[in-house]
Amino acid sequence: MSSAVGQAPALLRYRAFLGAVFAPGVHVTYAVLWACAYEAAAVMTAGGVWRPSVGSLVRAMTIIVVLLHLRLADERMDESYDRIHNPDRPLITGLVSVRELRRAGWATAALAIVVNVPLAPWSAVTVALLVGYTELITRLTLHSPRLRDRALLYIVVAYPVQLLIGVYLYTSVTGAKVVQPGIRPALLIIVFAAAFLHFEFARKTVRDPRSGGRTYSATALGITGSGVLTLGWALLACTLLAAITEPWHMSDAALLPYVALVFPVAGAFSYLSGREQRWPTSLAMLYLIVLDAALVTSGWLG
(Lines of atoms letter the chains of each structure in order from A and count residues from 1; the text may use other names and numbers.)
(Lines give C-alpha, C1' and ligand atoms only; values in the text may rest on other atoms or scores of the structure.)
Protein backbone atom coordinates (compact mmCIF):
# COMPACT_ATOMS: atom_id res chain seq x y z
CA MET A 1 0.00 0.00 0.00
CA SER A 2 1.56 3.25 -1.08
CA SER A 3 -1.20 5.66 -0.13
CA ALA A 4 -1.15 7.81 2.97
CA VAL A 5 -4.16 5.88 4.16
CA GLY A 6 -2.25 2.61 3.94
CA GLN A 7 0.64 4.10 5.95
CA ALA A 8 -1.54 5.15 8.88
CA PRO A 9 -1.11 3.30 12.19
CA ALA A 10 -2.47 -0.24 11.97
CA LEU A 11 -4.91 0.13 14.85
CA LEU A 12 -6.48 3.22 13.30
CA ARG A 13 -6.80 1.48 9.95
CA TYR A 14 -8.35 -1.64 11.49
CA ARG A 15 -10.80 0.54 13.36
CA ALA A 16 -11.77 2.32 10.15
CA PHE A 17 -12.03 -1.04 8.38
CA LEU A 18 -14.41 -2.39 11.02
CA GLY A 19 -16.51 0.73 10.74
CA ALA A 20 -16.80 0.21 6.99
CA VAL A 21 -17.60 -3.52 6.83
CA PHE A 22 -18.65 -4.65 10.30
CA ALA A 23 -21.08 -2.26 11.94
CA PRO A 24 -21.04 -3.35 15.62
CA GLY A 25 -24.59 -2.21 16.27
CA VAL A 26 -25.86 -4.60 13.60
CA HIS A 27 -23.50 -7.56 13.76
CA VAL A 28 -23.07 -7.73 17.52
CA THR A 29 -26.80 -7.40 18.14
CA TYR A 30 -27.57 -10.08 15.56
CA ALA A 31 -24.91 -12.45 16.91
CA VAL A 32 -26.11 -12.12 20.51
CA LEU A 33 -29.74 -12.60 19.49
CA TRP A 34 -28.88 -15.60 17.32
CA ALA A 35 -26.91 -17.37 20.04
CA CYS A 36 -29.45 -16.68 22.78
CA ALA A 37 -32.45 -17.45 20.55
CA TYR A 38 -31.08 -20.84 19.55
CA GLU A 39 -30.29 -21.71 23.15
CA ALA A 40 -33.70 -20.53 24.36
CA ALA A 41 -35.49 -22.48 21.62
CA ALA A 42 -33.47 -25.61 22.45
CA VAL A 43 -34.44 -25.30 26.11
CA MET A 44 -38.07 -24.84 25.08
CA THR A 45 -37.99 -28.15 23.18
CA ALA A 46 -37.08 -29.81 26.48
CA GLY A 47 -39.90 -28.04 28.32
CA GLY A 48 -37.52 -25.91 30.36
CA VAL A 49 -37.04 -22.22 31.14
CA TRP A 50 -34.00 -20.49 29.66
CA ARG A 51 -31.54 -18.42 31.66
CA PRO A 52 -28.30 -16.96 30.27
CA SER A 53 -25.01 -18.37 31.54
CA VAL A 54 -21.28 -18.10 30.97
CA GLY A 55 -21.81 -20.56 28.13
CA SER A 56 -24.31 -18.16 26.57
CA LEU A 57 -21.65 -15.44 26.64
CA VAL A 58 -19.09 -17.75 25.01
CA ARG A 59 -21.52 -18.72 22.27
CA ALA A 60 -22.48 -15.10 21.56
CA MET A 61 -18.84 -14.01 21.49
CA THR A 62 -17.97 -16.90 19.19
CA ILE A 63 -20.62 -15.94 16.67
CA ILE A 64 -19.47 -12.31 16.76
CA VAL A 65 -15.92 -13.41 16.00
CA VAL A 66 -17.07 -15.89 13.34
CA LEU A 67 -19.15 -13.22 11.59
CA LEU A 68 -16.10 -10.95 11.58
CA HIS A 69 -14.03 -13.82 10.18
CA LEU A 70 -16.56 -14.26 7.37
CA ARG A 71 -16.49 -10.54 6.58
CA LEU A 72 -12.70 -10.69 6.28
CA ALA A 73 -13.05 -13.57 3.84
CA ASP A 74 -15.75 -11.74 1.87
CA GLU A 75 -13.48 -8.74 1.37
CA ARG A 76 -10.82 -11.00 -0.14
CA MET A 77 -13.31 -12.84 -2.36
CA ASP A 78 -14.89 -9.63 -3.66
CA GLU A 79 -11.65 -7.86 -4.54
CA SER A 80 -11.88 -8.22 -8.34
CA TYR A 81 -15.61 -7.33 -8.36
CA ASP A 82 -15.12 -4.35 -6.05
CA ARG A 83 -12.35 -2.89 -8.21
CA ILE A 84 -15.01 -2.28 -10.86
CA HIS A 85 -18.26 -1.85 -8.95
CA ASN A 86 -17.25 -0.69 -5.45
CA PRO A 87 -13.94 1.21 -5.67
CA ASP A 88 -14.49 2.72 -2.22
CA ARG A 89 -14.14 -0.63 -0.41
CA PRO A 90 -11.32 -0.74 2.19
CA LEU A 91 -9.20 -3.30 0.33
CA ILE A 92 -9.44 -1.33 -2.91
CA THR A 93 -8.61 2.04 -1.34
CA GLY A 94 -5.58 0.58 0.42
CA LEU A 95 -6.98 0.95 3.91
CA VAL A 96 -5.97 -2.67 4.50
CA SER A 97 -3.94 -5.18 2.53
CA VAL A 98 -4.66 -8.78 1.61
CA ARG A 99 -1.88 -9.87 3.96
CA GLU A 100 -3.47 -7.96 6.84
CA LEU A 101 -6.85 -9.53 6.10
CA ARG A 102 -5.23 -12.97 6.20
CA ARG A 103 -3.53 -12.25 9.51
CA ALA A 104 -6.75 -10.95 11.01
CA GLY A 105 -8.49 -14.06 9.70
CA TRP A 106 -5.99 -16.33 11.44
CA ALA A 107 -6.41 -14.38 14.68
CA THR A 108 -10.21 -14.53 14.63
CA ALA A 109 -10.13 -18.23 13.75
CA ALA A 110 -7.76 -19.04 16.61
CA LEU A 111 -9.81 -17.03 19.11
CA ALA A 112 -13.10 -18.65 18.09
CA ILE A 113 -11.63 -22.14 18.40
CA VAL A 114 -9.69 -21.69 21.64
CA VAL A 115 -12.49 -20.14 23.72
CA ASN A 116 -14.72 -23.13 23.03
CA VAL A 117 -12.33 -25.90 24.04
CA PRO A 118 -13.05 -25.68 27.81
CA LEU A 119 -16.81 -25.36 27.32
CA ALA A 120 -17.51 -28.09 24.75
CA PRO A 121 -14.57 -29.58 22.80
CA TRP A 122 -16.73 -30.78 19.92
CA SER A 123 -17.99 -27.24 19.38
CA ALA A 124 -14.37 -26.14 18.95
CA VAL A 125 -13.97 -28.86 16.31
CA THR A 126 -17.06 -27.52 14.54
CA VAL A 127 -15.61 -24.01 14.50
CA ALA A 128 -12.39 -25.41 13.04
CA LEU A 129 -14.41 -27.12 10.29
CA LEU A 130 -16.23 -23.85 9.62
CA VAL A 131 -12.95 -21.97 9.32
CA GLY A 132 -11.54 -24.64 7.01
CA TYR A 133 -14.59 -24.61 4.76
CA THR A 134 -14.53 -20.82 4.61
CA GLU A 135 -10.92 -20.92 3.48
CA LEU A 136 -11.81 -23.53 0.85
CA ILE A 137 -14.58 -21.32 -0.54
CA THR A 138 -12.26 -18.31 -0.48
CA ARG A 139 -9.60 -20.10 -2.50
CA LEU A 140 -12.20 -21.48 -4.91
CA THR A 141 -13.67 -18.03 -5.46
CA LEU A 142 -10.28 -16.39 -5.93
CA HIS A 143 -9.45 -19.07 -8.50
CA SER A 144 -12.81 -18.60 -10.25
CA PRO A 145 -14.18 -15.09 -9.47
CA ARG A 146 -17.25 -15.61 -11.65
CA LEU A 147 -18.56 -18.11 -9.09
CA ARG A 148 -19.77 -15.14 -7.03
CA ASP A 149 -21.71 -13.84 -10.03
CA ARG A 150 -23.81 -17.01 -10.27
CA ALA A 151 -26.07 -16.34 -7.31
CA LEU A 152 -27.85 -19.68 -7.04
CA LEU A 153 -24.69 -21.75 -7.51
CA TYR A 154 -22.80 -19.63 -5.01
CA ILE A 155 -25.48 -19.91 -2.32
CA VAL A 156 -25.38 -23.71 -2.68
CA VAL A 157 -21.59 -23.69 -2.33
CA ALA A 158 -21.36 -21.10 0.44
CA TYR A 159 -24.41 -21.75 2.59
CA PRO A 160 -22.92 -24.73 4.45
CA VAL A 161 -20.99 -22.07 6.40
CA GLN A 162 -24.25 -20.81 7.90
CA LEU A 163 -25.33 -24.38 8.60
CA LEU A 164 -22.03 -25.01 10.39
CA ILE A 165 -22.75 -22.05 12.67
CA GLY A 166 -25.98 -23.83 13.57
CA VAL A 167 -24.09 -27.09 14.10
CA TYR A 168 -21.69 -25.18 16.35
CA LEU A 169 -24.58 -23.95 18.50
CA TYR A 170 -26.01 -27.47 18.68
CA THR A 171 -22.70 -29.06 19.71
CA SER A 172 -22.13 -26.27 22.22
CA VAL A 173 -25.49 -26.42 24.01
CA THR A 174 -25.50 -30.22 24.05
CA GLY A 175 -21.81 -30.51 24.94
CA ALA A 176 -22.28 -28.06 27.81
CA LYS A 177 -25.30 -30.08 29.00
CA VAL A 178 -27.74 -27.20 28.49
CA VAL A 179 -30.00 -29.71 26.71
CA GLN A 180 -29.65 -33.36 25.79
CA PRO A 181 -28.71 -34.29 22.21
CA GLY A 182 -31.76 -35.06 20.10
CA ILE A 183 -33.64 -34.53 16.87
CA ARG A 184 -35.56 -31.46 18.07
CA PRO A 185 -32.59 -29.24 18.96
CA ALA A 186 -30.85 -30.53 15.83
CA LEU A 187 -33.77 -29.50 13.61
CA LEU A 188 -33.53 -25.99 15.02
CA ILE A 189 -30.44 -25.65 12.85
CA ILE A 190 -32.74 -25.71 9.81
CA VAL A 191 -35.12 -23.20 11.41
CA PHE A 192 -32.39 -20.59 11.81
CA ALA A 193 -30.89 -21.42 8.41
CA ALA A 194 -34.24 -20.85 6.70
CA ALA A 195 -34.82 -17.63 8.63
CA PHE A 196 -31.49 -16.25 7.47
CA LEU A 197 -32.16 -17.39 3.89
CA HIS A 198 -35.24 -15.15 3.98
CA PHE A 199 -32.99 -12.17 4.66
CA GLU A 200 -30.37 -13.33 2.15
CA PHE A 201 -32.92 -13.65 -0.66
CA ALA A 202 -34.74 -10.45 0.34
CA ARG A 203 -31.69 -8.27 -0.10
CA LYS A 204 -31.08 -9.66 -3.60
CA THR A 205 -34.65 -9.72 -4.92
CA VAL A 206 -35.50 -6.87 -7.28
CA ARG A 207 -38.01 -6.18 -10.05
CA ASP A 208 -35.44 -4.74 -12.44
CA PRO A 209 -32.29 -6.86 -12.10
CA ARG A 210 -29.24 -5.40 -13.79
CA SER A 211 -27.55 -7.51 -16.41
CA GLY A 212 -24.88 -9.46 -14.58
CA GLY A 213 -26.09 -8.21 -11.21
CA ARG A 214 -25.70 -10.49 -8.23
CA THR A 215 -29.42 -10.88 -7.61
CA TYR A 216 -31.65 -13.92 -7.39
CA SER A 217 -34.14 -12.17 -9.64
CA ALA A 218 -31.57 -12.35 -12.45
CA THR A 219 -31.40 -16.15 -12.17
CA ALA A 220 -33.78 -18.83 -13.45
CA LEU A 221 -36.07 -17.96 -10.52
CA GLY A 222 -37.06 -14.73 -12.20
CA ILE A 223 -38.61 -11.66 -10.63
CA THR A 224 -41.68 -13.43 -9.25
CA GLY A 225 -39.99 -16.70 -8.36
CA SER A 226 -37.35 -15.03 -6.22
CA GLY A 227 -40.08 -13.11 -4.39
CA VAL A 228 -42.15 -16.22 -3.74
CA LEU A 229 -39.09 -18.12 -2.50
CA THR A 230 -38.12 -15.23 -0.25
CA LEU A 231 -41.49 -15.46 1.47
CA GLY A 232 -41.26 -19.24 1.48
CA TRP A 233 -38.08 -19.28 3.57
CA ALA A 234 -39.76 -17.26 6.33
CA LEU A 235 -42.83 -19.49 6.28
CA LEU A 236 -40.66 -22.62 6.37
CA ALA A 237 -38.72 -21.36 9.38
CA CYS A 238 -41.83 -20.60 11.42
CA THR A 239 -43.69 -23.75 10.35
CA LEU A 240 -40.77 -25.97 11.31
CA LEU A 241 -40.32 -24.05 14.57
CA ALA A 242 -43.95 -24.74 15.45
CA ALA A 243 -43.59 -28.43 14.62
CA ILE A 244 -40.49 -28.68 16.83
CA THR A 245 -41.60 -26.66 19.87
CA GLU A 246 -45.37 -27.35 19.75
CA PRO A 247 -46.30 -23.93 21.19
CA TRP A 248 -49.95 -24.95 21.61
CA HIS A 249 -48.81 -27.08 24.56
CA MET A 250 -47.02 -24.12 26.18
CA SER A 251 -47.90 -20.74 27.62
CA ASP A 252 -49.09 -17.86 25.46
CA ALA A 253 -45.53 -16.53 25.40
CA ALA A 254 -44.57 -19.41 23.09
CA LEU A 255 -46.68 -17.81 20.36
CA LEU A 256 -44.64 -14.58 20.32
CA PRO A 257 -42.12 -15.69 17.64
CA TYR A 258 -44.88 -16.03 15.05
CA VAL A 259 -45.65 -12.32 15.28
CA ALA A 260 -42.49 -11.92 13.19
CA LEU A 261 -44.36 -13.29 10.16
CA VAL A 262 -46.07 -9.94 9.70
CA PHE A 263 -42.83 -8.58 8.20
CA PRO A 264 -42.28 -11.12 5.39
CA VAL A 265 -45.99 -11.03 4.56
CA ALA A 266 -45.84 -7.23 4.31
CA GLY A 267 -42.67 -7.49 2.25
CA ALA A 268 -44.26 -10.00 -0.11
CA PHE A 269 -47.29 -7.77 -0.62
CA SER A 270 -45.14 -4.71 -1.32
CA TYR A 271 -42.84 -6.50 -3.74
CA LEU A 272 -45.14 -8.94 -5.56
CA SER A 273 -47.83 -6.28 -6.06
CA GLY A 274 -45.28 -4.02 -7.73
CA ARG A 275 -45.53 -1.28 -5.12
CA GLU A 276 -41.82 -1.67 -4.38
CA GLN A 277 -39.09 -2.22 -6.96
CA ARG A 278 -37.12 -4.37 -4.54
CA TRP A 279 -38.00 -6.43 -1.49
CA PRO A 280 -37.83 -4.07 1.51
CA THR A 281 -34.62 -5.21 3.20
CA SER A 282 -35.60 -3.42 6.41
CA LEU A 283 -38.62 -5.71 6.76
CA ALA A 284 -36.44 -8.79 6.29
CA MET A 285 -34.06 -7.55 8.97
CA LEU A 286 -36.97 -6.84 11.31
CA TYR A 287 -38.19 -10.40 10.75
CA LEU A 288 -34.86 -11.80 11.94
CA ILE A 289 -34.60 -9.46 14.92
CA VAL A 290 -38.19 -9.91 16.09
CA LEU A 291 -38.10 -13.70 15.60
CA ASP A 292 -34.91 -14.08 17.63
CA ALA A 293 -35.92 -11.58 20.31
CA ALA A 294 -39.31 -13.28 20.66
CA LEU A 295 -37.65 -16.69 21.06
CA VAL A 296 -35.44 -15.28 23.81
CA THR A 297 -38.51 -13.80 25.51
CA SER A 298 -40.49 -17.03 25.14
CA GLY A 299 -37.62 -19.07 26.55
CA TRP A 300 -37.27 -16.71 29.50
CA LEU A 301 -40.97 -16.72 30.34
CA GLY A 302 -41.33 -20.46 29.80
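Counting starts with 1 at the first residue shown.
For all residues, glycine too, the Cβ spot is worked out from N, Cα and C.
Pulled from TrEMBL:
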type	residues	note
TRANSMEM	16-37	transmembrane segment
TRANSMEM	49-70	transmembrane segment
TRANSMEM	106-131	transmembrane segment
TRANSMEM	151-170	transmembrane segment
TRANSMEM	182-199	transmembrane segment
TRANSMEM	220-243	transmembrane segment
TRANSMEM	255-272	transmembrane segment
TRANSMEM	284-301	transmembrane segment
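Sequence-distant contacts of the transmembrane segment (106-131), counting only residues of its own chain at least 6 positions beyond either end whose CB sits under 8 Å from a CB of the stretch, comprise 55, 58, 61-62, 65-66, 68-69, 72, 161, 164-165, 167-168, 171-172, 174-176. Sequence-distant contacts of the transmembrane segment (49-70) (same chain, six or more residues past either end, CB-CB distance under 8 Å): 18, 22, 27-28, 30-32, 34-36, 39-40, 43, 105, 108-109, 111-112, 115-116, 119-120, 127, 130-131, 134, 161, 165, 168-169, 172-173, 176, 178, 296, 299-302. Stretch with the largest number of CB pairs closer than 8 A to the transmembrane segment (182-199), among 16-37, 151-170, 220-243, 284-301: 220-243. Same-chain neighbours of the transmembrane segment (220-243): 41, 152, 187-188, 190-192, 194-195, 197-198, 201-202, 204-207, 209, 257-258, 260-261, 263-265, 267-268, 271-272, 279, 284, 287, 291, counting only residues six or more beyond its ends whose CB sits under 8 Å from a CB of the stretch.
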